[in-house]
Amino acid sequence: MASMVELALYLCLFMCLILTCYAQTCAKYAFSSNRVFKSCTDLPVLNSFLHYNYDVSGKLEIAYRHTGITSSRWIAWAINPTSKAMVGSQALVAYQLSDGSMRAYTSPITQYQTQLQEGELSFDVSDLSATYSNNEIIIFATLGFPNNDTTLNQVWQEGAMSGNTPQMHATSGPNVQSLGTLNLLSGQAGTIGGRTSTQRKQNIHGVLNAVSWGILMPLGAIIARYLKVFKSADPAWFYLHASCQFSAYVVGVAGWSTGLKLGSESPGIQYDAHRTIGIILFCLGTLQVFALLVRPKPDHKYRVYWNMYHHLVGYTVVILSVINIFKGLDILEPEKKWKNAYIGVVIALACSGVVLEAHTWFLVQRRKRSESAGKMSHGINGAHGNGVNAHTANC
């Protein structure tokens, strides 16, 4: 029994060692140039790793590795001495030229959508070089910090090349998550608190809009189109429809406002199509709400035109809402289950609409036949009936 317990303990220890080795990806890396770096950290996104030697005199020797990348991409690693953001970063940039040679240079980031122009940094840089092999680009450099900062704001990035010119990097997913802090003494890397706050706001924005414009609005349209066919549902269907749409509008405005706030906090990151559709939805939704205040009575001669406007704008809002929800999901790139969940909701609403459309058509046709039969019966018992009685009387 004791031997079995010991064997189990050894197995657990062995598995822990294996997991530790796999977890410390950068620690197992050996540079072909026989360079040795005492510290390293696995950066959380973009397949990136930072190796470094730090001297308390302020000298920092680094090797920034970006794996799983082709020769038609550029990479950059930067330090921002003034803030926890992209603008103000002092970057080291590297890529492979069309002739196969590597180019490495410094680039101060002064604005969003930068073209990574070459320029001097706010601190000394020496021994700057880069290599490319086995789908991995490495930047080597030695940096000098006169103020001896031991906690840095770091940014790392990658993007496409057009010939020998770097292009704008992606503005969603991992490419907007690639910033954090680094403690040079402990080697501990952290995420920027502001980024976590931004992600929280993005999630709130997505949930509010998905529930309001993406679910409640279509549901309200279904209620208005199909429940009013049932005479027993009158006027309950109208109050359900109005309540559903008004709730959707209020929640949707909150989500729309959150989106505007996110846009103002990220001037260099723009999603033009998503933003434009959102503004159109807000305007159309507002028109629908105010249209209720001038709704003519059912027997008014202009009611038919109001109905045409109300239906056209309503269906436009529903269609644009669903389109914009999917655009938002593509921007946020959440776990696949969330997109699948919303697809399931859309399919459920669409199937309900198809079933109710068929049922409503059947009820309307049956009602028309019943009314036609009633009119015919009334005619026989009325005008034609009197003629028969007169003829009989004359006879």
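Every residue, even glycine, has its Cβ placed from backbone N, Cα and C.
A TrEMBL annotation is a machine prediction, not a hand-curated record.
TrEMBL lists 1-23 with the feature signal peptide.
TrEMBL lists 46-159 with the feature domain 'DOMON'.
Averaged over the domain 'Cytochrome b561' (168-365), the predicted model has a pLDDT of 83. The domain 'Cytochrome b561' feature in TrEMBL is assigned to 168-365.
According to TrEMBL, the transmembrane segment annotation covers 204-224 (among others).
According to TrEMBL, the feature transmembrane segment maps to 276-294 (among others).
For the transmembrane segment (306-326), the residues of the chain that approach it from at least six positions outside its boundaries are 209-210, 213-214, 217-218, 221, 224, 274, 277-278, 280-281, 284-285, 287-288, 291, 294-296, 339, 342, 346, judged by C-beta separation under 8 angstroms. According to TrEMBL, the transmembrane segment annotation covers 306-326 (among others).
Positions annotated as transmembrane segment by TrEMBL: 341-364 (among others).
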